[in-house]
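Visitor: Before I ask anything, here is the structure I am working with.
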Amino acid sequence: MARDFYEILGVSRSADAEELKRAYRRLARKYHPDVNKEPGAEEKFKEINRAYEVLSDPQARANYDRFGEAGVSGVGAAGFSDFGIGDMGGFADIFETFFGGFTTSSRRQQGPTRGEDLRYDLKLEFREAVFGGEKEIRINHLETCKTCQGTGAKPGTRPVTCSTCGGVGQVRRSARTPFGSFTQLTTCPTCGGSGVVIEDRCESCGGQGHIQVSKKLKITIPAGVDNGTRLRVSGEGDAGLRGGPPGDLYVYLFVQPDPEFQREGNNILSRIKISYLQAILGCRISVSTVDGEAELKIPAGTQPGTVLVLEGRGVPRVGNPVARGDHLITVDVEIPTHITHEERELLEKLAKIRGERLGKGGLEGFLGSLFGG
């Protein structure tokens, strides 16, 4: 399965445009083929470009968050010619790469923090993926503690300002580098970066501000989804911290193999067996489709391996269930290994009419000649 675009850039799903740009510049500078000659660097650079191209476009990003790569299949990848070292930031970017976390960086935010996103893998039957519907799942996620309202403090008390960092959440330390001495900001070891200390912890959540809850959810499956399609359920991830919004739940879909049907894009593939007489004379037979039984016309003289098409009986397009692919049916012709005496006589008469000599190949050779053998 393809890597997640957010993972490729090393950013969270809530990253804003500026965060995406910084991450992209840093990685693109590192793996640009003019700079990095290591094996695999060029492919890595293409992967980074593709991820940034999608995530930097608000509409493409929304489609990707909803449907994964299936939702952005039409977004083209940029080539190397569009990107040069000159476009990737100046000395400040290089400085940040080597000295991230020093005073040139912004101060750590101590306000509301968005909750973590969660992942759930959901298995679907073949027809469920074709037609969509609703599925009920159960998840475990963190919810804001109702006793302390997320503060982590015992009711009637409040967190107090951390005396180590003065509520900033960071402490300073000096460091010497080849470029001189710098002051580095690091996370406060006392409060863990929150800027506050809880003296009387909430008994319900143990001072965490959230508790784990098991919850049932109904997931709407769009028609036409495929293996690896990702659905986003807004607000069903873990609870945020300090009044921050919850994360999202990402449901990854995995379609189970079907004993009768296969999928190729939006087309459905299957095979049928017919007798040699049906192939010679033609007929109409009933075949299985995802919609139920359907009538299929077998033209006279149908050859083994012929592919017949039932139009509009395939997989719906995601987001446009009215538009469907086709059902492609491959015909296998069965040649009997045993026939009755009467059948043999009739076939031998037919062979004489056609001027066929039944030599070494016998009757089987004659039947093979009828089907292009």
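Heads up, the Cβ atoms here are built off N, Cα and C, so glycines get one too.
Below are the features listed in Swiss-Prot for this protein:
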type    : residues                       : note
BINDING : CYS145, CYS148, CYS202, CYS205 : Zn(2+) 1 binding site
BINDING : CYS162, CYS165, CYS188, CYS191 : Zn(2+) 2 binding site
DOMAIN  : 4-68                           : domain 'J'
REPEAT  : 145-152                        : repeat 'CXXCXGXG motif'
REPEAT  : 162-169                        : repeat 'CXXCXGXG motif'
REPEAT  : 188-195                        : repeat 'CXXCXGXG motif'
REPEAT  : 202-209                        : repeat 'CXXCXGXG motif'
ZN_FING : 132-214                        : zinc finger
Visitor: Can you see whether DSSP assigns CYS188 (Zn(2+) 2 binding site) to helix, strand or coil?
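Guide: Note: CYS188 (Zn(2+) 2 binding site) is coil by DSSP, not helix or strand.
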Visitor: Give residue numbers and ranges for long-range contacts of the repeat 'CXXCXGXG motif' (202-209): same chain, 6 or more residues beyond its ends, CB-CB under 8 A.
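Guide: Hits for the repeat 'CXXCXGXG motif' (202-209): 144-148, 150-155, 239, 241-242.
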Visitor: Excluding CYS162, CYS165, CYS188, CYS191, please set out which residues of the same chain place their CB within 8 Å of the center of the CB atoms of the Zn(2+) 2 site, keeping sequence order.
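Guide: The surrounding set, listed in chain order, is SER163, THR164, GLY166, GLY167, VAL168, GLY169, GLN170, VAL171, PRO189, THR190, GLY192, GLY193, SER194, GLY195, VAL196, VAL197.
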Visitor: CYS145 (Zn(2+) 1 binding site) has how many other Cβ neighbours within 10 Å of its own Cβ?
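Guide: A 10 Å sphere around the Cβ of CYS145 (Zn(2+) 1 binding site) contains 20 other Cβ atoms.
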Visitor: I need the CA-to-CA distance for CYS145 (Zn(2+) 1 binding site) versus CYS188 (Zn(2+) 2 binding site), whole Å please.
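Guide: Distance (Cα to Cα, whole Å): 25 Å.
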Visitor: Quick check on the domain 'J' (4-68): DSSP residue counts for helix, strand, coil, in that order please.
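Guide: Taking the domain 'J' (4-68) as a whole: 46 helix, 0 strand, 19 coil.
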Visitor: List the Cα distance (Å, whole number) between CYS205 (Zn(2+) 1 binding site) and CYS165 (Zn(2+) 2 binding site).
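Guide: So the alpha carbons of CYS205 (Zn(2+) 1 binding site) and CYS165 (Zn(2+) 2 binding site) sit roughly 25 Å from each other.
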Visitor: Under 8 Å, at least 3 Cβ pairs, sequence separation 6 or more: does that hold for the repeat 'CXXCXGXG motif' (162-169) versus the repeat 'CXXCXGXG motif' (145-152)?
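Guide: Between the repeat 'CXXCXGXG motif' (145-152) and the repeat 'CXXCXGXG motif' (162-169), which are separate recorded stretches, there is no contact, as judged by 3 or more close Cβ pairs.
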